[in-house]
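Engineer: To start, I am sharing the structure in question, which I have written as structure tokens.
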Amino acid sequence: MYSYLLPEFTVKRLEDRCIRCRVCERQCANQVHEYDGELDRLFTTEEACVGCQRCVVLCPTNALHVQPRTADYRPNCSWTRDKLQNLKKQAETGGVVLTGSGNDRPYRIYWDHLVLNASQVTNPSIDPLREPMELKTFLGKKPDTLQVTYDNDGLPRLESGLHPNVPISTPLVFSAMSLGAISYPAYKSLATAAREFGTLFNTGEGGLPAHMREEFGVSAIVQCASGRFGVDPEYLNSARIIEIKIGQGAKPGIGGHLPGEKVSADIARTRMIPQGTDALSPAPQHDIYSIEDLSMLIYALKETTNYEKPVSVKIAAVHNVAAIASGIVRAGADIVAIDGIRGGTGAAPLATRDNVGIPMELALAAVDKRLRDEGIRHKCSILAAGGIRCSTDAIKAIALGADAVYIGTAALVAMGCTLCHKCYTGKCNWGICTQNPYLTKRLNPEIATRKLVNLLKSWSHEIQELLGGMGINAIESLRGNRDHLRGVGLEAWELDVLGVKGAGE
Amino acid sequence: MGRVVAKPEVCIGCRLCEIWCSVAHSRSRNIIKTFLYEEKKPFPRVTVEEKLPLTFAIQCRHCAEPDCVAACIGGALFKDPASGRVVHDREKCVGCYSCVLTCPYGSIVVDPKRREVFKCDLCAGLDELYCVSHCPNEALVYVPEE
């Protein structure tokens, strides 16, 4: 069928700069550039371009410009270019339109409507370069009370039992991205950076390769998801935290599908499935149809790990998220992870990614408030995920009630990702979301680790600066401290859900 | 003097090392001028070997006992005792290609048009190793002699 789809990008080549080195041709997995020896010039197939900017970055003479074609059709606020293109795509294929990465629709980003406080006159601000500034965070259930007795010598003794808690050096944790969805170098870089910086990475549901367990288990959150891929007692016991994945912000209510082409020998071994077979994660966990069922799984995992590890439950932010979170805490979870509508994915139906779920800011505020009202907030830590783009998003999330935040897309961007949204094609030119050995080599784990550590370092510094400005010397004092937030340009109901005052109030 | 070592596990086969090697050995050392305007077309001394997905860049190993030096009939190739470099003196070269035949790494390249040979001089006279400093994935590293 002749395709009526218009190219998404324009590829401009400045001929007076192009030296015909053919780097662009070799770097493009979509075969956009092609060298013609007869004419000694390069031709472009714009239809194939995904706008990942790999050729632009690698071109040694800056001869290339790749820009989105935005206004091909007659401008129309209702029938936008995206809508038209998707219609044509569906007419040509009869399929569900797929996409990758996170929601790019213009839903209100509440982070951009919240401002932070700073100390002036009546209370002193703190200079984090001169005074201690604590970012250390403990993930896990806290005790109901602290009972202390004194022995004959007058020395204090802690009477109350403590629950397992995992310390992290900064309230930033790499979110779940499985080996299989992302390449081994990308996966390993996340693990190495987390270990180096004293924080955690999340294995996703693709398991943790046996050879990595001893070295990286200390920094791992391991997932037990609906496909149960790679789950065995050794896997669970090698990690610091176990996470039951119920939902994902990018595709609430939907399972996962890792195509067989991506299931290489290593991935098959780790997932414990035959090589080359599709790894299908069902939409629900088929043994969890109620809070009671969830409780059974939580305690089965705790039993397996001798009650030594906190168990997290990750859900997508949906309409009744507060009630669901309350149920999760009552079911025995030590951590509740909430993934908002802007969370990323390796592959999801466009319709789901762009339309299902609620913004994380609102979900987080609602959950924190509900748990406080019910007097059970201390029974869990909250991990907020989905669309944390910078240190200020993270610090605002903590002020709204999170203990720490998950960063996924931001970490990928640090490694090279340009959010071209073509993760599901397996042709990632940056070597991140692919299993093609020619492409995965492009991600040098040494460089990527350095970049990720730098990312954590710079965000942590920025968070310290902002805390100091507020006159706070420990991140724990900011958690749920909504007095340090004010809303700008928000409506009354939004301020009400967020539990913050408007600016000037 | 050490040598440039390739790391095939992270070599992306972009051949930017070849491009920048040419620039390093051009008259102007300006990449656009080198390729589009200089009369003498540049010739890289590093070669990317390819058997996909495997790729790696290789250039003169500056061997301790170089076969090319032993084979050179004109005395054009010699091992510089001070720097440890295997140096090619263009003035003395007769173009017999004995070195090309004996180099076990295939690291002496031939420009058949000019009947000239070229080899890596570890960017003698320049303040950086162009192939190393321009590799986008750090797949070429300079290892100093132990």
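Placement of Cβ uses the backbone N, Cα and C atoms for every residue, glycine included.
A TrEMBL annotation is a machine prediction, not a hand-curated record.
Here the structure is a predicted model, which means the values were calculated and not measured.
What TrEMBL records for this protein is below:
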DOMAIN    A:9-38  domain '4Fe-4S ferredoxin-type'
BINDING   A:Cys18, A:Cys21, A:Cys24, A:Cys59  [4Fe-4S] cluster 1 binding site
BINDING   A:Cys28, A:Cys49, A:Cys52, A:Cys55  [4Fe-4S] cluster 2 binding site
DOMAIN    A:40-69  domain '4Fe-4S ferredoxin-type'
Engineer: Spatially, and counting Cα to Cα, which of the binding-site residues is closest to A:Cys21 ([4Fe-4S] cluster 1 binding site)? Options: A:Cys49, A:Cys52, A:Cys55.
Structural biologist: A:Cys55
Engineer: Rounded to the nearest Å, what's the C-alpha distance separating A:Cys24 ([4Fe-4S] cluster 1 binding site) and A:Cys52 ([4Fe-4S] cluster 2 binding site)? Just drop the number here, would you?
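Structural biologist: Distance between the two Cα atoms comes out at 12 Å.
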Engineer: In the same chain, outside A:Cys28, A:Cys49, A:Cys52, A:Cys55, whose C-beta lies within 8 angstroms of the Cβ mean position for the [4Fe-4S] cluster 2 site?
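Structural biologist: Those within range, site residues removed, are A:Val11, A:Cys24, A:Gln27, A:Asn30, A:Val32, A:His33, A:Val50, A:Gly51, A:Gln53, A:Arg54, A:Val56, A:Val66, A:Asn429.
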Engineer: Tell me the Cα distance separating A:Cys49 ([4Fe-4S] cluster 2 binding site) from A:Cys59 ([4Fe-4S] cluster 1 binding site), rounded to the nearest angstrom.
Structural biologist: 16
Engineer: Write out which of the listed binding-site residues, namely A:Cys24, A:Cys49, A:Cys52, A:Cys55, lie with a C-beta under 8 A from a C-beta of chain B, sequence order kept, or 'none'.
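Structural biologist: Checking chain B against the binding-site residues, no residue falls within range (Cβ-Cβ under 8 Å).
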Engineer: Three-state secondary structure of A:Cys21 ([4Fe-4S] cluster 1 binding site) from DSSP?
Structural biologist: coil
Engineer: Can you tell which of A:Cys21, A:Cys24, A:Cys59 has the least company, meaning the fewest other C-beta atoms within 10 angstroms of its C-beta, among these binding-site residues?
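Structural biologist: Each of the binding-site residues A:Cys21, A:Cys24, A:Cys59 was scored; lowest Cβ tally within 10 Å is A:Cys59.
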Engineer: Near A:Cys18 ([4Fe-4S] cluster 1 binding site), how many other Cβ atoms are within 10 Å of its Cβ?
Structural biologist: 19
Engineer: Quick check on the binding-site residues A:Cys49, A:Cys52: which one has the highest count of other Cβ atoms within 10 Å of its Cβ?
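Structural biologist: Of A:Cys49, A:Cys52, the one with the most crowded Cβ is A:Cys52.
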Engineer: Restricting to the same chain and to sequence separations of six or more, state which residues have a Cβ under 8 Å from that of A:Cys55 ([4Fe-4S] cluster 2 binding site).
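Structural biologist: Within the chain, A:Cys55 ([4Fe-4S] cluster 2 binding site) has Cβ neighbours under 8 Å at A:Val23, A:Cys24, A:Gln27, A:Cys28, A:Val32, A:His33, A:Leu64, A:Val66.
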Engineer: Within the domain '4Fe-4S ferredoxin-type' (A:40-69), how many residues are helix, strand or coil going by DSSP?
Structural biologist: 8 helix, 9 strand, 13 coil
